[in-house]
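**Q** Before I ask anything, here is the structure I am working with.
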Amino acid sequence: MVLIRVLANLLILQLSYAQKSSELVVGGDECNINEHRSLVVFFNSSGFLCGGTSINQEWVLTAAHCDSKNFQMLFGVHSKKILNEDEQTRDPKEKFICPNRKKDDERDKDIMLIRLDSPVSNSEHIAPLSLPSSPPSVGSVCRIMGWGTISPTKVTYPDVPHCANINILDHAVCRAAYPTLLAESSTVCAGTQQEGKDTCGGDSGGPLICNGQIQGIVSWRAHPCGQGLKPGVYTKVFDYTDWIQSIISGNTDVTCPP
């Protein structure tokens, strides 16, 4: 009953809450109920915050700019209107952000690793996503997903998570769209030449999935979302795999790549 009340409150608040720094999927369709088993919902007493990705039963990846006080994480949700019996709620036990992250730049090293207060149980609607074994290839078709708004011009939250296919873009294309990006950057850009398919308000922290692996974390983009010449920018997870694995193994003093 407690979980049901928490979920009900979350979903009611989610309808009216707009997070300025979050991103959301536009131009997509309802995700298949079994394709987002790793997708995590972040919320607090004010409402919906961000998305995240389960990478094993005890650890979750999200964006560093999604950090907030007193948030919880919800696993196994598909519909606001229909409860899954295997939905689970967890609190963060430990949060890890790159110690060498620029504090005055929320786009820098935009990754956070969270240890849960207790492991989640894998189930029909809950399962982790693999870390990348190699960097993403330009042109690869990848999947974005999230609970964010489905309209680039007004806040319109769906009852179910939406998914869309987009492509990994060459970093030169990204730098042409965003000249402030460094030539060597631990980010990856993804989008389509046509306007419409993109992350938008509400999707920050969620995954960019390529070949069944998490290659990116939704970080930032131009506004309004869905502009073909302004692709979404994602934290490049492959560049942080050593940092992630070191922390999980107990070496919490490790720093992130420059």
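In case you wondered, yes, glycine gets a Cβ from its N, Cα and C as well.
Model, not experiment: these values are computed from the prediction.
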**Q** Of the cysteines C31, C50, which is paired with C163 in the disulfide recorded by Swiss-Prot?
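**A** Of the candidates C31, C50, the one Swiss-Prot pairs with C163 is C31.
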**Q** Going by the disulfide annotation in Swiss-Prot, which one of C66, C98, C142 is bonded to C256?
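**A** Within the candidate set C66, C98, C142, Swiss-Prot assigns the bond with C256 to C98.
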**Q** Out of C31, C50, C66, C163, which has the highest number of nearby Cβ atoms, where nearby means within 10 Å of its Cβ, if these are the disulfide-bonded residues?
**A** C50
**Q** C210 (disulfide bond): which of the recorded positions C31, H65, D110, C225, C256 is the nearest Cα neighbour?
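**A** Spatially nearest to C210 (disulfide bond) by Cα position is C31.
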